[in-house]
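What TrEMBL records for 53-87, 277-309 is repeat 'WD'.
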């Protein structure tokens, strides 16, 4: 099968594939969302735009698909301070028809990221605002996704917890702990990109059932480490490992952190950095784990994609590179 190229306009700010890889959503600078689909199921046909609509009054920064068990649904966030959920409606053989399922009013603050978490207590949404505030919405009725309630709101910035100072972040990245048997543990990692040192490193948050509140589990930084703005975070899938891995890109480097949760009820956690990858010649903007959580692909401003794996001794090494066309 030959690979086909996809040409998107310069107005596209973010794209997101659905679970099967047969469709993807594009977030646009004009406030619209586009849905692109394959023309047939053979996988050898090019993509075409099958849906487009106005979703926000400002640029759409992120658009994310819901877990596949909830059907074709996407959530989006924007500079207009709102989060909107859209579901596909089947109407004949024409193009997709998408309707507004829920509108979550945020504030005048830009919403930088939004991600679904399918936890045992119900489907959740976590949002990250440019002011450092985190909001978590939930719905316990997964058959009726129009009604969401604000479960929690807190600040990820220490100075704001004390009621002093203000910060402004330019980007945020959220990653839930991957699900086991389709259900996620209520734990996620969040990192901010900001020039303010108040924002701090990427942080791991967990919902404490005993106290019925979200609590900070860990900060992903070494003592006295000079902090760089966080561009991206990603929690690795876990296929039988007794520990967890989280990748964090900051500046021109990617750090891989090892987390070990205690088996007792005290919520203790052991955190250590097992790799600090610095081969990119510019900022590292994005990366993805493979399905096993054993290989990490990183991409940076140098236009290259690098593949990393850990040896039997636990040392992470570069295993391959896909060079940009301008360097080939």
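A Cβ is built for glycine as well, from the same backbone N, Cα and C atoms used for every other residue.
For the repeat 'WD' (53-87), the model's pLDDT averages out at 95.
Here the repeat 'WD' (53-87) is broken down by DSSP into helix, strand and coil counts: 3 helix, 20 strand, 12 coil. Across the range of the repeat 'WD' (277-309), the DSSP-based residue counts are 0 helix, 18 strand, 15 coil.
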